[in-house]
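Structure, as structure tokens:
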Amino acid sequence: MRLLLLRTVFVFALPTVLVGVWWVASDDSTDVYWPPLRTILETFPDVWTGDRLKDDVLPSVLRLTGGYALAAVVGVALGTVIGSYRRVRAVCEPVLEFLRAVPPPVLVPVIMLFAGIGDTMKVTVIASGCVWPILLNTVEGVRAVDPVMAETARSYGVTGPARLRHVVLRSASPQIFAGLRQALSIGIILMVISEMFAASNGLGFTIVQFQRSFAIPDMWTGILVLGLLGFLLSVVFQLVERRVLGWYHGLRASTRRSS
Amino acid sequence: MLDVRGLKKVYEGSGRRVEAVRDLTFTVDAGELVCLVGPSGCGKTTLLKCMGGLLAPTGGEVLLEGRKVTGPPPGMSFVFQEYGRSLFPWMRVGENVELPLRQKNLDKARRRELVRDALESVGLSDATSAYPWQLSGGMQQRVAIARALAYEPRVLLMDEPFAAVDAQTRADLEDLVRRLWRERGITILFVTHDIDEAVYLGERVVVLSASPTVVQEQLKVDLPDERDQLRTRVAPRFAELRTHVYEQIQAAKRGVSVTKSDTPPPH
């Protein structure tokens with residue numbers, strides 16, 4: 001109980017301090033672009049009504065989910081193939097390094113050309129940025145399957161789909177999750193950027209709209225919502241990760257103890 | 001049961017040609033417990049992998065019940081030295097033992113029965129739902145042995161299985177292997193670099209030469225069937241046998257070929 005209390009204190013201490021500093025520092029601000037935090041918070045409930053959540057936040061989240069899921073499926077599938085075969089890897093690696101080096105936001109105008117300005121474009125942009133960390137981490141994870149484990153699986157006739165499911169993907173899962181985590185933050189960035197270019201709703205669109213109509217406190221509330229969304233997604237991610245990778249954290253803790 | 005005929009394995013890579021096994025011929029009869037000993041680095045693991053169908057030999061062949069081994073045969077199971085890397089850390093003990101059985105298309109009830117029986121034999125009934133890394137090294141190797149048993153093999157290949165556990169655990173595990181062999185009538189081929197272990201466990205000891213490997217000597221262990229860590233190890237006959245094997249291995253290291261004999265040294 002005391003431990004829980006202490007942890008709660010730790011979690012909220014820094015955010016409280018930062019908000020406090022912001023509050024005090026901006027309290028008597030008369031700058032139009034840096035409104036007092038008080039004003040921003042007062043504006044918040046007026047701006048983020050149920051309708052707005054439905055019309056702007058929900059579409060954004062759906063695009064993010066779609067693009068992210070697409071990237072996860074494609075990244076893990078391709079990564080497994082590339083990681084499993086040395087020849088395929090030799091052929092693909094230079095191309096992958098090149099594609100990875102292209103900053104994803106640059107792709108927005110390009111993708112707009114053939115995917116239009118609808119949801120397809122946004123989902124494609126998000127997916128095309130998120131796929132790289134997932135793909136490359138999967139390749140590394142699949143390559144790093146322990147040779148003794150691989151041999152054990154072979155000697156017991158664990159081959160084909162069973163090997164993929166029970167051995168290769170499970171063994172690569174810590175690295176796949178590292179990729180998924182990186183991809184999540186990239187996904188949020190791309191979600192906002194793609195909505196800033198050409199959209200009629202969504203978080204990115206709304207924030208730009210506020211800025212253009214000089215509704216500066218409203219714009220700031222939008223940024224707060226983005227931050228909260230990112231935080232929420234990362235909490236959800238951690239919960240999933242702890243469930244799927246429970247064995248990995250336990251294994252690491254036990255090797256740390258014994259060494 | 002298990003025939004190794006003229007086995008030869010040459011590794012080739014990056015301009016280097018290493019002859020690991022030159023010419024090996026020996027037989028393991030059904031229900032026998034045979035120990036393979038040799039100087040370290042003598043290609044024991046290579047030999048075992050060829051026998052288990054994990055490596056393709058360069059020459060010669062391995063026959064299991066008259067059929068040539070080309071891949072891992074279903075009637076054979078493996079216990080590796082590196083238990084920590086051979087058990088899957090993302091699966092609980094029960095799942096680790098069960099995984100190979102799923103590939104055999106056994107129904108669920110039968111699988112569960114085999115898993116329970118195997119874990120019971122190695123004394124780990126209550127560890128079914130633990131993860132391997134929650135267990136000690138010796139217990140992990142017991143899980144690996146249980147997995148091998150549940151597979152219902154006719155031949156069990158063990159590759160220096162106790163090299164990484166402490167001495168007391170090792171003695172327990174040796175007795176476990178003797179007991180399982182006697183209870184279940186499996187054919188066991190046990191590879192070790194430990195001479196005492198080979199003499200204590202085996203019905204027969206095959207001494208290998210240094211690499212490139214050939215059979216240096218085959219020796220029948222004429223100790224009583226009932227063996228125990230205290231009395232067997234201090235028996236005069238045990239001392240004679242281990243001295244003999246030790247001499248053979250020293251000779252093997254020097255590269256002296258001693259005339260092969262299948263008869264044990266005189267009393």
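Even glycines carry a Cβ here, placed using N, Cα and C.
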Per TrEMBL, the range holding transmembrane segment, considering A:66-85, A:86-105: A:66-85
Stated TrEMBL location of transmembrane segment, expressed as one of A:1-26, A:183-208: A:183-208
Non-local residues, at least 6 beyond the ends, that sit with Cβ under 8 Å of the transmembrane segment (A:220-240): 35, 40, 43-44, 47-48, 57, 60-61, 180-181, 184-185, 188, 192, 203, 206-207, 210
